[in-house]
């Protein structure tokens, strides 16, 4: 964390808090002083673009995500506020959700401010998706280099592969820094005001923000978006010391690679970390409260994934158990984990390991937001919202002009979902009704190989089909049938399509295999646009590419209706 | 082979690639019925709805296989192409895939047990209704002898034709409960546990040397007698000598087929079952006794060979490669030695000269094959050999890399053995046993004495060569 946040003056003592309660140094000043960059030498290119050439040309550095489009579309100034308000839109929280909303708001001509109490980029950029991808990139290469037989099958010979832990950690840290700078600069370039401090809602259309030791500022805004995100959830009984009992926040710093680590929770976060740790030589024990590993995935995909990602690796697991008590290593003793039966609560076992990673999910970070001032009560910490992200108060009424997006509302705790929700809200406040179809939002787990999906799982689809009275069909194809996958010697994989044979509607697509995360978008786009299988099956895919896996899937589907009728009705979820 | 299974490389055990099943998506149920079903045993009540999963023949020499693990559990829904079970053949571990959709109704041969090739190891039901029926069937074939069917392809115990609609067995219980550590306070790392299972070592008997006294993978490896540290072999005995009440099924199965009348064991002796590989080697050796062979010996002056060896040794050429190359070149000129007699009536001339070389590995014996040894140059041959040995150690040889030999070389010279007879592997032309090269006093035609290096080579050719001897 020290290195991670070297650009700001935030205290390392509160790393777990996405939105620090204490005030922090201003990013605008810090980030624009080259002297505060620790990685100047390495980052010359990025710095050159983002620092020395302000505004106009900085978009070159922003190859990341979809900002490019935003830039070219809106190199105009932040809008002029509506009469009587300081801003048209104030966003509390500069994570990926807030950032996406801010960019879109500027494009729509709204005068926008974003309040951030910690570092720009939020969890995703600083303690989540971004640095973990750096670690997973390392893990993927390590796996390739260690798989002697795989290399040999390609005719390659490599002598023993090794790694330098600090080097790996630095890569993750550098990536986070770079992306954070890109984000910050993209906001500044558009003239979004970045207000440092903790934001609190004082009343309708009124927000205060401020740093500890300074007087608070009060601003007014026509509309307010809450985008305060989440922090790692730590169940009670677990003592996190940040050294041997850690959360993803600490693990991403990769301060040590234990010989044996227990990972509590086998969702995305746990799985990705198991991929990283086993590639770096650790042994892993999963602790899962449900009866099955990887509970969130389509069962068939989960089973295959377990066969490939768990069973052959140095991993074992305990399912149907809670870690009721975890004591960090101290006084010459290892980390001690007490397991109890998830149903009967009877003691089951005690584990002694070198480290424990708590990956039991994330809790919304909504404390101190001043929700009581607008008569809103959180539910398990989440801010209740309707399908248009409008905040609902205690009495079930909509709170005018207040929206909540991202992890804080708990609808779909994914960075890109937050951003999509933010864009949807901006569409609404700028006068166009918009409802986001959450079933069109893809999700991915970046293990090796990757897992991705969009829409419903098979059991969910069956349940819905039963209720609504239609048939569903399944099409499946193997990566073994794909030329490019075989060329890469990565034939292990499955793609699965769940659809309605009567009208060709895509209900869900699940992929496990090489580059699955990149492949899912053809399906998610089709769902978003309402494209039916009978239409998309005529789309041409370059040969040989992995995308032909989806091509194969669409062609395998048997749709009874040949009527081509794109339907694009928003589905509220 | 028209069995209901195909083989595929498992990522875990890898390398063995048989016809991989490229599944072109989901087979529609209607198409299924077209697949050929092999009615191996006539069971009157079964209308091709319950299919047997057979022990596959993973190599030409395999007669029985051991179930390493069931990838699927009873009650799992299988679709075509799913891996169902991992089988250890005499040479490698392989995944077995199902060719059909269905439900794994019953596991007939459990993990760690052995079954002859072609014997049913599990039952696949097409629908839920048939699961009960299949289970009844499985139960009936299990109840007789406590062990799975013996190696001899004896018919299964007569199954009391279960009534087709019999609902008698209670609905199958949900998948087996997850595995937990027992109440004993044994701390072993995940990989250590996997290794122990793999090497069939009781983890409770291993003394952990890792941090906090935990059992580490290297503890298991040393207990299994593999890996760098072989000091703690003492554990092997205690770990492997399984308590008498339940002798491993593998042992009984192989022993039963080998010699029905065994002398009673001497009191105090411990019975250590053969590994699958050891059993296969033993079986092959017995089999070779039925092939007519004869033995010829010749001592070769090796001064020139030694000189050549000294010259090419720094370039990574081994004596094995040199001998294999020499044998291959000689075989080009004498194809009959490379020919085999398969049916007792004819010669089978082999178009390739594939030199198999016997190596001892992990308490077993395997013969990696240098294919087309006559065509490869010495350096390529040496390199190839190095790869083969590494693969053999890792148990990753593909079938064609160990069973395609036409001529075998066995060299014990490095141990100082000066002569020995080798056993002709089935299906090969000859085996050459090479002893150590030693300085020897010889008298030449002019009655001068000199000291030359001589190496005694014993050949055990099959009957084919006999006809061509003067």
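If you go along the chain as it appears here, the first residue is 1 and each next one adds 1.
Glycine is no exception: its Cβ is also placed from the backbone N, Cα and C atoms.
For the ranges B:93-124, B:189-220, B:221-252, B:253-284, the feature annotated in TrEMBL as region 'Disordered' maps to B:221-252. Range with TrEMBL annotation region 'Disordered', chosen from B:26-78, B:132-184, is B:132-184. Across the domain 'Lipoyl-binding' (B:50-128), DSSP helix (H, G, I), strand (E, B) and coil residues number 1 helix, 41 strand, 37 coil.
Broken down with DSSP, the domain 'Peripheral subunit-binding (PSBD)' (B:187-224) shows 22 helix, 2 strand, 14 coil.
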